[in-house]
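TrEMBL has this to say about the protein:
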| type | residues | note |
| --- | --- | --- |
| DOMAIN | 1-239 | domain 'PABS' |
| BINDING | Gln32, Asp107, Asp139, Gly140 | S-methyl-5'-thioadenosine binding site |
| BINDING | His63, Glu87 | spermidine binding site |
| ACT_SITE | Asp158 | active site, proton acceptor |
Amino acid sequence: MLGVTIIQGIGRSSSMIMKIKELHVVHKSKFQEIIIAEIEEFGLSLILDGYIQSTQADEFIYHESLVHPSMVLHPNPMKVLIIGGGEGAALREVLKHNTVNNAVMVDIDEDVVELSKKYLYPIHQGSFFDKRAKIVIEDGKKFIEEAESGSFDVIILDLTDPYSSDIAKQLYTTDFYRKIYSVLTDDGVMVTQAGSSFFYRDVYMDVYQAVKSVFNYVLEYQVWIPSFGYSCNFILGSKKYNPMMLKPEDIDTILKNRNVTTKFFNGYKYLSFIYGGIY
Ligand code: SAM
């Protein structure tokens, strides 16, 4: 018997049907529809406007792949900015680095943050309450426009996809990346999640070209996320350090020296990122 199901958007005309075990929240915020549910095979999950954002079963693959390449490329990331990341998992990964003394997370939707705090502890694991963390409820575009130059060593853009809700679209543009560039320190590193280059190649290429037009070094990589139904793309931009020069053994040493434990990411995974190609 087909019980309650969720239709997870994948491409323009492709979806995945997932069986819901328990529905915790269905809420329309000022910005998006928020669902928090227990999904068979994936566990506790956050869904925004019909797109899966994080599931307990595989979010670590996404968040470790999003956060750690940029954090290990920078030799001493102390001040880190996350834009988006409402469920607190990118923040959790950033705070693992013992170099970090100031992690600012800016999300436009207070309801996502408050509902995540309440229902998604297995995902945020208390990151919101770390004394180094500062949570700001604001449009990331406005925050960046008002931020001082050279404020952050690493900036992580963990936004909804560039082709889903309208609220994030302006944060995938050349103009926005130029502002990110100035808010970064002279040796700063930025990374953005960029959805699927397979199902939305046109949109993805626009984002890639936008990053490429601003940063000296650009690395694109992707990783399969079972609950997304596609390989999720990431685009890293670096002002000074060449991401192709990072060696696996150096990455593992950096993670060890910074007391960073991971379930998925390591030096050899990074090799698969840089030589894995994009499709
Ligand atoms: N892991 C997800 C993925 O792979 O697509 C993204 C994580 S997170 C849930 C996406 C967050 O971006 C949401 O909490 C949403 O509120 C936030 N967001 C969207 N547009 C934003 C904006 N303009 N400024 C700040 N946060 C924004």
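Going from the start of the chain as shown, residues are counted 1 onward.
A Cβ is built for glycine as well, from the same backbone N, Cα and C atoms used for every other residue.
A quick note: this is a predicted structure, and the numbers were derived from the prediction, not measured.
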Give the sequence-ordered list of residues that share a chain with Asp139 (S-methyl-5'-thioadenosine binding site), lie 6 or more positions from it, and have CB atoms under 8 Å from its CB.
Ile108, Ile167
Of His63, Glu87, Asp158, the recorded positions listed, which put a C-beta under 6 Å from ligand 1? Please answer none if none do.
Glu87, Asp158
Going by DSSP, is Gln32 (S-methyl-5'-thioadenosine binding site) part of a helix, a strand, or coil?
coil
How far is it from Gly140 (S-methyl-5'-thioadenosine binding site) to His63 (spermidine binding site), counting Cα to Cα, in Å?
19
If you count other C-beta atoms within 10 angstroms, which of the recorded positions Glu87, Asp107, Asp158 is the most crowded?
Glu87
So around the S-methyl-5'-thioadenosine site, Gln32, Asp107, Asp139, Gly140 aside, which residues have their CB within 8 A of the centroid of those CB atoms?
Phe31, Ile83, Gly84, Gly86, Val106, Ile108, Asp109, Glu138, Leu159, Ile167, Ala168
His63 (spermidine binding site) to the residue listed as 'active site, proton acceptor' - Cα separation in whole Å:
9
For the S-methyl-5'-thioadenosine binding site, please report the maximum Cα-Cα distance among Gln32, Asp107, Asp139, Gly140 in Å.
16
Cβ contacts of Gln32 (S-methyl-5'-thioadenosine binding site) (under 8 Å, same chain, 6 or more positions away):
Leu48, Asp49, Asp109, Val112, Thr160, Ser165, Ile167
Taking 10 A as the limit, how many CB atoms besides its own sit near the CB of Gly140 (S-methyl-5'-thioadenosine binding site)?
25
